[in-house]
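Down below is the structure, laid out as structure tokens.
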């Protein structure tokens with residue numbers, strides 16, 4: 001793509017700080033996401049139902065000690081994957097993210113496999129969140145028509161994603177802000193109530209770690225039962241703790257990607273520690289793993305009034321007699337769940353678009369509106385939310401359970417692919433004499449982080465459904481391992497049909513779309529605006545400076 005020099009464009013308002021005539025991307029997507037939007041998407045875009053509701057299952061099966069250790073261990077493991085993805089995505093913020101990188105640097109068949117795996121993973125998460133939304137609404141009353149809630153969510157997701165990407169970014173900025181507020185409310189609730197600041201004046205501290213205990217027995221008794229409880233908590237963590245894939249997907253529509261995407265990836269590390277690890281600790285403090293309400297709802301598939309109290313925090317508030325706060329928590333939880341579904345709709349759409357760009361999906365899906373929205377990809381994605389109507393025929397809890405089990409393995413497969421792709425990228429840089437220190441972000445401890453992430457995630461995905469073997473259950477086996485079975489079928493099927501080959505690191509294309517990104521970033525004539533400065537401008541209603549090429 002030829003890049004011709006242009007003169008700086010000036011206007012009477014003096015608020016244009018870039019040059020005109022330079023393309024944002026090699027495709028039709030447009031870089032419209034501001035720094036504040038990217039950072040809030042990075043912080044809250046992947047936090048949804050699991051951290052507030054589904055985490056209770058891990059507590060019930062593993063106990064507070066197993067839950068905290070499992071979440072800490074898995075967060076550290078995923079941190080190694082994030083370290084890999086950060087280096088690649090800041091250098092190559094391309095449409096489709098890691099799914100196109102896998103085909104570009106490893107094997108076209110791998111790109112095809114992970115692309116469709118990630119698409120199914122994201123698309124199936126949309127009905128999961130809508131089903132969870134219905135579950136949480138039962139906190140107030142049972143007679144809210146579930147079909148109407150499903151339909152309303154589908155319409156709202158459609159409206160927010162069919163508009164320009166800026167509309168999605170703005171919606172996620174405010175919705176993710178609500179998640180952050182909710183998390184801190186729950187943290188302070190834990191701190192104050194454990195110290196005795198509750199209606200019962202009960203300074204319970206870490207009481208539940210000793211009675212009923214730190215480690216629960218699950219499926220078996222004794223040491224084996226406690227080990228199986230830890231494994232159950234680890235599977236809970238593998239569904240809850242996510243992050244790098246979402247930043248990689250928004251990179252193609254981010255302004256100043258080398259700067260803003262780099263910062264977003266860096267926030268993942270402290271988000272893992274603050275939100276997921278500390279969240280797992282708090283859950284184990286506020287409620288015992290054998291709480292009768294928790295056992296009735298999660299252990300026995302209970303339903304009806306108060307089902308939304310499957311959130312351990314809401315159960316704890318009711319146990320302590322805290323008034324008002326459960327309603328606020330539940331309301332903010334609704335915005336959090338809705339936000340997660342919105343993010344999955346966006347990512348599934350962009351993922352399908354990335355597949356189409358590489359010829360791994362029908363060509364007509366490449367069409368975008370003038371605002372840079374892949375409209376046909378969006379139309380395909382909007383079919384999946386209708387699966388949420390399945391919850392009308394059975395309990396919402398059952399639908400949530402099988403969706404979680406079906407989906408989780410797909411997410412881990414994505415992380416495995418990221419590590420494989422990075423190792424090819426790393427050894428390609430080494431073989432071609434490319435100095436990685438010149439990149440916008442250089443991953444630490446490489447290639448060891450790549451290998452640790454690859455081995456660790458592979459071990460997790462293959463032992464994920466061990467419970468289906470004891471006792472043997474065909475139904476459970478396919479629920480747990482459908483995605484694991486589908487992955488090699490997709491990989492070898494594409495490989496046999498198209499005769500693809502594993503690429504040689506010495507010859508892979510490390511330049512790719514980098515010249516286009518550099519040409520775009522060179523058009524900025526003003527320094528980037530910091531996150532807190534953007535927030536100050538927003539809340540003081542100061543006129544926003546334009547921060548991107550004119551179209």
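Cβ coordinates are placed from backbone N, Cα and C, and glycine is handled just like the others.
Caution: TrEMBL annotation is automatic and unverified by curators.
As the structure is a computational prediction, the values presented were derived from the model and not from experiment.
For 38-502, the entry in TrEMBL reads domain 'Amino acid permease/ SLC12A'.
What TrEMBL lists as transmembrane segment is 40-60 (among others).
The transmembrane segment annotation in TrEMBL covers 66-85 (among others).
Taken from TrEMBL, the feature transmembrane segment applies to 146-168 (among others).
Taking Cβ pairs closer than 8 Å, the transmembrane segment (180-197) reaches residues 40, 43-44, 47, 51-52, 203-206, 275, 278-279, 282, 285-286, 313, 316-317, 320, 322, 325, 328-329, 332-333, 335-336 in its own chain, all 6 or more past its ends. The transmembrane segment annotation in TrEMBL covers 180-197 (among others).
According to TrEMBL, the feature transmembrane segment maps to 229-247 (among others).
The transmembrane segment annotation in TrEMBL covers 268-289 (among others).
For 373-393 (among others), the entry in TrEMBL reads transmembrane segment.
Sequence annotations record features per position, and here TrEMBL assigns transmembrane segment to 399-427 (among others). Beyond its flanks by at least six residues, the transmembrane segment (399-427) meets 49, 54, 78, 80-81, 84-85, 87-88, 98, 101-102, 105-106, 110, 113-114, 117-118, 120-121, 124-125, 127-128, 131-132, 135, 235, 238-239, 242, 244-245, 390-391, 436, 443, 446-447, 450-451, 453-454, 457-458, 460-461, 464-465, 476, 479-484, 487, 503, 505, 508, 510 of its own chain at Cβ-Cβ distances under 8 Å.
Marked as transmembrane segment by TrEMBL: 448-466 (among others). If you look at the transmembrane segment (448-466), the same-chain residues 6 or more away from its ends with a CB under 8 A from one of its CBs are 74, 77-78, 80-81, 83-84, 231, 234-235, 238, 405, 408-409, 412-413, 415-416, 418-420, 422-423, 426, 476-477, 479-481, 484.
Positions annotated as transmembrane segment by TrEMBL: 478-497 (among others).
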Original post:
Of the stretches 66-85, 146-168, 373-393, which racks up the most C-beta pairs under 8 Å with the transmembrane segment (268-289)?
Top reply: 66-85
**OP:** Please give the sequence-distant neighbours of the transmembrane segment (146-168): residues at least 6 beyond its ends with Cβ less than 8 Å from one of its Cβ atoms.
**Re:** 29-30, 32-33, 126, 130, 133-134, 137, 253, 338, 341-342, 345-346, 349, 371-373, 375, 378, 382, 385-386, 388-389, 391-392, 396
Original post:
In the same chain, which residue numbers or ranges, 6 or more beyond the ends of the transmembrane segment (373-393), come under 8 angstroms Cβ to Cβ?
Top reply: 28-29, 123-124, 126-127, 130-131, 134, 146-147, 150, 153-154, 157-158, 161-165, 341, 345, 348-350, 352-353, 356, 364-367, 399
